[in-house]
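Peer 1: In case it's useful when we look at the structure, here is the feature table from TrEMBL:
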{"type": "DOMAIN", "residues": "A:19-55", "note": "domain 'COI1 F-box'"}
{"type": "DOMAIN", "residues": "A:122-268", "note": "domain 'F-box/LRR-repeat protein 15-like leucin rich repeat'"}
{"type": "DOMAIN", "residues": "A:328-476", "note": "domain 'F-box/LRR-repeat protein 15-like leucin rich repeat'"}
{"type": "DOMAIN", "residues": "A:518-614", "note": "domain 'F-box/LRR-repeat protein 15-like leucin rich repeat'"}
Amino acid sequence: MKKQKSIPEPNFNRFDLLSDEIVFLILDSLDDPLDKKSVSLVCKSLYAIESRHRKILKPLRSEHMKKNLIRYPFISHLDLSLCPVITDSSLGVISGYCKETLRSINLSRPRFFSHVGLSNLLVNCRNLVEIDLSNATNLKDLAAASIAEAKNLEKLWLVRCKSITDIGLGCIAVGCRKLKLLSLKWCFGVGDLGVGLIAVKCKEIRSLDLSYLPITNKCLFQVLELQHLEDLILEGCFGIDDDSLTALKQGCTSLETLDMSRCQNVSHIGLSSLTSAAGCLRQLSLSYGSQVDLALADSLQKLSMLQFIKLDGCQVTSSGLKAIGICCVSLTELSLSKCSGVTDEGLSSLVTKCVDLRKLDVTCCRTITYASVAHITNSCTSLTSLRMESCTMVSAEAFILIGQRCQFLEELDLTENNIDDEGLKSISRCSQLASLKLGICPNITDKGLIHIGNCCSKLIELDLYRSAEITDSSILAIARGCTLIETINIAYCKNITDRSLVSLSKCSKLNTLESRGCPLITSFGLAAIAMGCKQLTKLDIKKCQNIDDTGMVPLAYFSQNLRQINLSYTSVTDVGLLSLANIRCLQSMTVLHLECLTPSGLAAALLACGGLTKVKLPLSFKSLLPPPITEHLEYRGCVFQWRDKAFQTDYDPKSWKLQLTEEE
Amino acid sequence: MDPEDKICEEDTWIKSSSSHESCEPPNNQPLTSFDSLEQKMDGSSFLDYGTTFDEQFPGFNQPSVAHKINDKNPILGKHYNQMSEAQPSNKVEDWDPRAILNNLSFLEKKIHQLRDMVHLIVGRREQVMGQRDQLLVHQQQLITANLTSIIVQLISTAGSLLPSVNPTVSSSSAIGSLGHFGGVTNSSGFFPNSGIPNINNVNKVDLSNQTDLTGYCGAEQNCSVEDHELKSDDDADEGENLPPGSYEILQLEKEEILAPHTHFCTICGKGFKRDANLRMHMRGHGDKYKTPAALAKPSKESTSESMLIKRYSCPYVGCKRNKDHKKFQPLKTILCVKNHYKRTHCDKTYICSRCNAKKFSVLADLKTHEKHCGRDKWLCSCGTTFSRKDKLFGHISLFQGHTPAIPVDEPSDPGQSSEAPKVGQMDIDFKSSAPSGSAFQNAMDTKFSGDDSTSISQLNFDTSDSGFNEFPRPPFEDAGSSFSFLLSDAYGYPPKNGRYSNSNDLE
């Protein structure tokens, strides 16, 4: 600024040369919200331009709503899902300032508003096309009737609005004729009549979520007559069964995605009649449904376009898998997570046919071995995602094949596997790797992880939960090589010290750090993280006994984006807890087994942290905290979870592993 | 005896009677409501009840020795208990007349007691003149309470027979008798094949509730059969397809159809609605009309066999039911002709006093409507009401711009609905005069009868002139805690069961 003043023409602002449009374009290309913030702080004109540029607002609290809306006059998308409290008066403020500019509003989390405020909002903001009212369990049919006033509405989420009945939905059906997306998941009050009316009145519907509704075939007939329906979710609709589906004259031709998971009463018979006309079906989910056998595979035969099948939790047979492989050759995505009956034979014959497979999930298919992995890696070389948590029969050599043959992998979940350093070395060839999960892999050491750190520069997420052999040198290599890392889990890696944290503090994008049960970590390391990782939003330092108040103070000062913290079993006292109140974003706090915590200190901290939405506290404090304080906090939108857990001393990792094997 | 003593007595009475009707609240509200009911007995159905009730028990009017009420009560209670316990063990496959006899003898005893009590009161009234007003009220309450319990018992006796009776009901005479309680009591002899298990049910479970329900059932069945009959006037014979000429066509004139009486005395010219009444009247004209043959119902066989089948034509020219119409469809009976003519070609002069909207030309139609009026809880924005939700949704899907109207929001706290039983509602249907167990019915009535100002004023908030948007804000439920409950609910569905018990579906 001083330099500017030394320029001969002090009244001239160089940024005035840039037109608004150009600055808008520049702002468009800035992805990081912090960068935009920096821009706005440069000078008044940029501040004003940035204010006019911003379209999306996601406030943490509703108290400053008015100020925010005055500053940003062109907000079209308002996401209030982080606000714990939104009252009718806040909705009044929004409707007063946003008016016609508002196109989308998310009210999926906050409570305390009623149909009166909602009606006010919808009358004033007539251009609203998207409303998310999920979890508004208190809203009744009157609220639904006020939603019906939004004639231009195209997307509506009513997940878990259990008090809305057919009558309310009927109002919406009549009022919102342009609806394209509607989610009624868990709206238990809605039945055949309401859904049927939606299908009759809202002909534009593209996407319909009817999960867990007490509906039967009656309304399904009407729903399937929708001309544009592409996406239909019927998860857990127990009222739909084979008998009704076989009566179906014609299926929906436009359907692209069909989710029939947990439909216990639908077998291959019903499915085949449902899919007989749906020739362009691309995605199909039959999770937790009937047995996957030859008959079911036959019903998929007509679906030549099928790209994604999800069969999680099903009983599968080898012949069924083989037949799926034969009839669905264009498959790109397959999920067999937690399926029973997946054998080497079945899986191998399937993957040898589906060479285009991009994503494969064989989580907890415990019987597959090296043979399966060999076939997968041999035929599906373009795999981008492989999730094989808990495939304990797969031998260490198999993981070498993965690294050698599937070099496009971006996501790899090897939790609880027998992978060793040789495997890791091979996998480090997958240079695109963004997410790597190596939790509970007791055979890996620094030697293997250093290879990962050196080669996988695009790594964003790394999970080393209970991989007890690793030490600081791995983390050093990771922090040096994977600078984009955002999430790291080093829980119960007992050898990790402050050195690791200091090195991780160089990773400026780090937002999630889980270092539970690392006894060597101290406040010093935490301070380094706090200073280096400004984006930190989630921090778990449970059972880091050496962290005390001196770690909290820098955290409170530097980590202004921290939202969630777990402080259980640390040595933090009242002072440290109170200092955390400085973090204005802090929403969730777990404070169990803090020996030096007093009720008054806790009360003061809770009162000072204005944005808290969830606090987990020991049950013993429930009677010690003055009732007016808890009431006040609840009024502010804070939910208390009282826990009565016995003080645990951590298991020795070896004995923990032993316990795991006993359980199996 | 001084009045305080009497009040004690009365209390015990009420208690003992509440042991029969376990739901009856100890205060006097239901009794007074019955009181008001009696005073408002201008509705014809009540008249029916009153008269038939009197006729039913003419034999019990002889005077008998007055007993002390207190002495009687325990016996009465015991007797009842014995009965109710005895019934379940008495499970016979076929109808057991002894059970009915039991019930009837119990009723008889009860009526005896009641009459004794009235005697007592009559006796005392002359002695104690001072505290009359208060006494009178109490006495009246006492008697009405007892009457109520007797009626309830009667209905339970008869009502328990009803479901098995239903298939046999086809003639209009049986239908008519069902509506009246006297007729129902008679039905023990009327329908000898009815099953006993129903009676067991009635006695086993909470009597008052059951009886109320069965009473309700009876009324419902009655009206549904009636409905059917009404329709059959116009439609049922369409499928008959009698070849033209195979029947004799009669056409009554307009005046004949609309004449209030159809049976006229040939001697004095007095008119009657029913032939039976005419026959009774004829007795007065001489002994020759008193023979059993003259009094007996003219037997059907003798007349119908000799004659050609009779069918009727509507005198209104151009009507489909007129014999000159191209697609003439004859009417079956004179009653059909009357109802058809009134419905199609006459003004609708009977207006429902409750909704002031519906009009009828046949009195029976109005009565049928009044039974349902205000209970059509499914309301469209156009003002049309429906008794069934699916009918409303069918209507809405047919018409552009019609939306389901949200009725009065449920009372905001659940306690409110439980204190909703109202005196004002009691006079609508006879069945609600059994005070216990009808609270639910009443609560329902008030919830959905938006235009009934008396019922709304009973609720604590005033809704008569406020729009939907101004209703009191309902209290919040705990969203957080309800989540887990919801999930468990979600998985709790019966797996292979087409129907769900939808909590919002009150039907």
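In case you wondered, yes, glycine gets a Cβ from its N, Cα and C as well.
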Peer 1: By DSSP, what is the split of the domain 'F-box/LRR-repeat protein 15-like leucin rich repeat' (A:122-268) into helix, strand and coil residues?
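Peer 2: Once the DSSP states are binned, the domain 'F-box/LRR-repeat protein 15-like leucin rich repeat' (A:122-268) shows 44 helix, 18 strand, 85 coil.
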Peer 1: For the domain 'COI1 F-box' (A:19-55), could you work out the same-chain residues 6 or more beyond its ends whose Cβ comes under 8 Å from its Cβ atoms?
Peer 2: 13, 71-77, 534-535
Peer 1: Using DSSP, break the domain 'F-box/LRR-repeat protein 15-like leucin rich repeat' (A:518-614) down into helix, strand and coil residues and give each count.
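Peer 2: Reading the DSSP string over the domain 'F-box/LRR-repeat protein 15-like leucin rich repeat' (A:518-614) gives 39 helix, 10 strand, 48 coil.
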Peer 1: Looking only at the domain 'COI1 F-box' (A:19-55), how are its residues distributed among DSSP helix, strand and coil?
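Peer 2: Final tally across the stretch: 27 helix, 0 strand, 10 coil.
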Peer 1: Considering every residue in the domain 'F-box/LRR-repeat protein 15-like leucin rich repeat' (A:518-614), what is the mean pLDDT value?
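Peer 2: That region's mean pLDDT is 93.
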